[in-house]
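Data block below; observations after.
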Amino acid sequence: MTEKTKNEFGLEAERRAFFGRRSSHKLYSTQQKLVEELLPHIEIDLEKGQPDLNRLFGDRVQAPLFLEIGYGGGEHLARHAQTHLENNYIGCEPFMGGVGKMLSYIDRQALENVRLYREDALHLLRALPANAVSGAYLLYPDPWPKKKHHKRRFINPVTLGQLARILKPGAEFRVATDIEDYAAWVLAHIVRSDEFSWHPKAANEWRTPWSDWEPTRYEQKAKREGRASFYFSFYRK
């Protein structure tokens, strides 16, 4: 279900429905306080216009920018932001439980290099400047297993096109999933894309986590349930 809309800066986008609840469990009081007091200072709000990276990151604007789409509980995003203070990060997550957890990481670790976006990531992809992003992550996205729901999967020609637009040439796009059908879906779209390349150096490379990989709680759950993961590195041509 889509609806064409335009925001204040004239960016036309499809308003895609979220199939799920933005809020599930009630936030802890400490998380709710961070939503009220910290989030307004680090949130990207497209209703206020196209994102201005200078305003968002200030003196840090020249630092490499990385994007995580659907950061879930925030383990991966927080670890990378803490380990690589020389980089800037934008995390996209519409569900408030994940937002609350990520805010707790940011507050506890005093991270100044993270900004958050709470709406459909496609809107942000369309709004960010071209060639602005040095790398992107899509880790364990919803696989929408039923065939009638495949159109809801994040990877499709539209999102890949917008992602390619904002990535710098040679930038890495990492995708992790524990669902074989979704892995095949991703590869099929990448192979058909003129904007990304995939050149594994070994036969089992996509079964091996990256050297700087921070396991997520979802991955740990998949392992407990006996599901192996796929780890893909695609590169912007």
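Just so you know, glycine gets a Cβ as well, placed from its N, Cα and C.
The model shown is predicted, which means the values in this text are computed figures rather than measured ones.
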Listed in TrEMBL for the substrate site shared with LYS146, THR216, ARG217, TYR218, GLU219, one of ASP120, ASP178, ASP194: ASP178
Same-site S-adenosyl-L-methionine binder from GLU68, GLU75, GLU172, GLU180, given that TrEMBL records GLU93, ASP120, ASP142: GLU68
Neighbours of GLU68, GLU93, ASP120, ASP142 excl. site residues, C-beta within 8 Å of centre, S-adenosyl-L-methionine: ILE69, GLY70, TYR71, CYS92, PRO94, ALA121, PRO141, PHE154
Binding-site residues: LYS146, ARG217 - member with fewest neighbouring CB atoms within 10 Å: LYS146
Most distant Cα pair in Å, residues LYS146, ASP178, THR216, ARG217, TYR218, GLU219 binding substrate: 24
Distance [Cα-Cα, Å, rounded] between GLU93 (S-adenosyl-L-methionine binding site) and THR216 (substrate binding site): 15
